[in-house]
Each structure stands twice: as C-alpha cells, then as structure tokens.
Amino acid sequence: MTLSFVTRWRDELPETYTALSPTPLNNARLIWHNTELANTLSIPSSLFKNGAGVWGGEALLPGMSPLAQVYSGHQFGVWAGQLGDGRGILLGEQLLADGTTMDWHLKGAGLTPYSRMGDGRAVLRSTIRESLASEAMHYLGIPTTRALSIVTSDSPVYRETAEPGAMLMRVAPSHLRFGHFEHFYYRRESEKVRQLADFAIRHYWSHLADDEDKYRLWFSDVVARTASLIAQWQTVGFAHGVMNTDNMSLLGLTLDYGPFGFLDDYEPGFICNHSDHQGRYSFDNQPAVALWNLQRLAQTLSPFVAVDALNEALDSYQQVLLTHYGERMRQKLGFMTEQKEDNALLNELFSLMARERSDYTRTFRMLSLTEQHSAASPLRDEFIDRAAFDDWFARYRGRLQQDEVSDSERQQLMQSVNPALVLRNWLAQRAIEAAEKGDMTELHRLHEALRNPFSDRDDDYVSRPPDWGKRLEVSCSS
C-alpha cells in the first residue's frame, strides 16, 4: 500500500516554517517500532526492514515536504520570545482513509534555524522516555501524541555527559501549539493569528467553519479540551514537568515529554523537574498553570474575538475540570452515584496518604479489592496509623453500601480506572540503562507491559520502587 501525504501546513501557512531536510546520524539503526500503531496507520512492514531509512532521516517518502515550524512562548511564566522546532522536523502530513491527517514529526533530526544554542539532536535516553510515556498515556486512555519508532546511532551527543544520538518519530493529528499563536501576536501580526485560527477550525473543528460565532465556540472547546486533559493527568498522578505555553497542544493532547514523572508516594507538591526551583510546575499546581496558559492564548485572540466571549470561556475552565475530575475520582473510589459526602471522603483519604507517604497507584489499585461487607481491607497493612485508616475505612464502607451494587460490579469499574501499572521513572531508567549497553530486551518488554495497564501482574512492574528508584531527578536536557 502506498502512503499518501498532503502539504496543508506548507501550503496554507507559508510564514510559519522553514523548509529543510533532516541531517542523518552516523550508523543509524532502528531499535524499536510500534507495530500496533503502524498497522493502524497502514504503514507497510517493509519500511521497517531496510535500515534506518525514513526513521533516521536518511530518506523521505513520496509526498513528504519536510519543514521546521516557528513558534514562541512563555517559559516558567516569563516571555521567552522566538522558539520553534530546534531539533524536530515535520516530515509530512499523512492522509488517512477517513480523511483525517497524522503529522510525522522526526525529533533529533538536526540543526534548524530555530535551534538557538542547541545542536539539533536528541539522545537515546530522552527518546526512550518519550516513547514509553506517550504509549503509556495512550493505553491509560489519556489524549497524547504517539511514538512510532526509535533510531539509535554511533553519533555522540553531549549533554551532562556524552550520550548516543537518537531520533524519535512522533505522530499526532496536529502539532499546533499555544506558542504558534503567541509568536505572531507578539510580533503584532494579528492577521496571521487569525489565519492560524482559521487553519485550526478548517481542519480540526470543521463543524464550526461556517458558524458566525466560530471563534468563540472554537476557543471554548480548546478550554474544555485542556481542562479535561489536566483532570485526567491529576487522576492518574501524572506530572508533566514543563508546562510552558509552547508545550501546550491546541487539540488537548499531552505534548513534549521531558522531565515528567508519575507519583510514587502521594505528594501533592511533587516536583519532577529538577530545574523547577520554585515549583511552578508541581503536580498540584498543574490546573492553575493550564488556566494561566489559556489566558495567554486568549490574549492572542483578543484583536478579533470579543474579550467578554474569551473571558466567558475561561470562566468555564474550573467547572469543566472539576466535573471531569470529580467523575473520575468517584469511579476510582467505586462510587456509582454522587453523594454530598464524597468529596470529604476523598480529601480525608488524600490527607491520610500524604501523612503516610502512601503509594498513589498502589493505594487506589488495592482499594479496588475492597468488599463492602468485610471490615478487613488489603489496604490496611499499607498504613502505619491503623486507627486513622480504620476510621476512614468504616465510613468508606458505609458509603459503598448506599449504592446497592454488587462487589463484583463495583470492583470491575474500579479496576478499569485504577491502573496496576504506570510508567514510574525507575522502570524507564532501567530500560534506558540496558539500551545504552546495547540490550533492547527491557525496552520491548516494558512497552508490551504498558499496553495493559489495568491488568494485574505479579512482577516488579507493579511493586513499590526500590530505594534507588525514588526521587530520581530528571532534567530538561534531552
């Protein structure tokens, strides 16, 4: 089957990119590819059998027209000016059978006009982390970019130390970022901001294209998508780590995996990025930061969208987020209905978990095994203050009994939303260290495990992290 590529970005947004081709690595070789995703995209298996090829920037497929996009943004709350694809190249937009498109974005593809002081490269460590994280999030049901392939090489790339240079093929329906809009707004080119909005509506919100109120309705949906995404992050204990406006997806996708982390111990103020000295992007601050970022996006639209309409959309953010978050947390607790005491029970559990530094994922997974007519709980032994847990658990059991559903029905619901497996940093690190020594077994094994996060396991993927695996410091260097 021949793959078809279109050039919508190149043709319709001519001042938003620089056309250029990838710069190959030395002795590049394919070490992993996503068979399931490749099948979904109807990619012939033969493309993965002939060396690095397109996956390593050594070849282009017919119809591809590579380019690097320009955008700007606020980083850690401060205007950073022009940024752009400093090491990534959009190879092409694949046209799928249903008429939608999928960007093929090659990360680590070499220098671009937007590389600034960088070298245009990515390292094996960061490409493995992004591939694992994006696929983990996908199988958790959270909107995200996807990973299609990883190529490693003999080219040294210098970060804190010399590391193997690598490339990641990332795919997504669009790489539109808040920062694209900021770039032209701060250049006082509001007509180009409008062109970006029209492009987005035409291709991703086409049902609004002929509506006279299209900009307000579109921005309201961007707000809702962002609120829903952040709510989902919070329910699984995911910390992004670097929520700059240039890392915010217009489509509400999880984008740009850098120093991310899933909670081990329940620590509301968890900071996964060791460069975040003020905790701006801490776990519990993510909802507020996302709203701040949406406000920056709204500002770029103010020359052609009424400020009252923008503020009305922004005002809906909190309620949308709380609605999504509340619904999912009730499911995690096994509540089939909504009762007035639900929030208090959840907050008391969180307080108990924070005091005891309980493991976030294990606590909710073990709670899924609760039998409402049994005073015993498999979770009890996880707590030192048994009296405090017993007091909470007695009230929790009483709340479960209000719903009048069987244990099996409730447990089935809980186990479908409380994962047994998340991508803890130590699991990723173990796969990385093996891969850097040339052993890809753990990389493939972990990828396979992450496809079934809600299935019980009896291996160390679902155990508490070892001492060395706690509080692993992760930087933005990639």
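Using the three backbone atoms N, Cα and C, a Cβ is placed for every residue, glycine included.
Per Swiss-Prot, these features apply:
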type	residues	note
BINDING	G84, G86, R87, K107, D119, G120, R170, R177, D256	ATP binding site
ACT_SITE	D246	active site, proton acceptor
BINDING	N247, D256	Mg(2+) binding site
DISULFID	C272-C476	disulfide bond
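Projection of Swiss-Prot feature records onto the structure.
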{"residue": "G84", "record": "ATP binding site", "Cβ contacts under 8 Å, 6 or more apart": "A68, Q69, V70, Y71, S72, T112, P113, Y114"}
{"residue": "R87", "record": "ATP binding site", "Cβ contacts under 8 Å, 6 or more apart": "K107, G108, A109, G110, L111, T112, S115, G118, D119, G120, R121, A122"}
{"residue": "R170", "record": "ATP binding site", "Cβ contacts under 8 Å, 6 or more apart": "G88, D103, H105, L106, K107, E130, S134, T145, R146, A147, L148"}
{"residue": "D246", "record": "active site, proton acceptor", "Cβ contacts under 8 Å, 6 or more apart": "Y71, S72, G73, H74, Q75, A80, L83, R177, F178, G179, E182"}
{"residue": "N247", "record": "Mg(2+) binding site", "Cβ contacts under 8 Å, 6 or more apart": "G73, R177, G179, H240, L255, D256"}
> Just how many other Cβ atoms lie inside 10 Å of the Cβ on D119 (ATP binding site)?
Replying inline: 15
> If you run the three-state DSSP split on the residue listed as 'active site, proton acceptor', which class comes out?
Replying inline: helix
>> Restricting to the record's ATP-binding residues (G84, G86, R87, K107, D119, G120, R170, R177, D256), give me the longest CA-CA distance in Å as a whole number.
In response: 22
> Going by DSSP, is R170 (ATP binding site) part of a helix, a strand, or coil?
Replying inline: strand
> Does DSSP give D119 (ATP binding site) helix, strand or coil?
Replying inline: coil
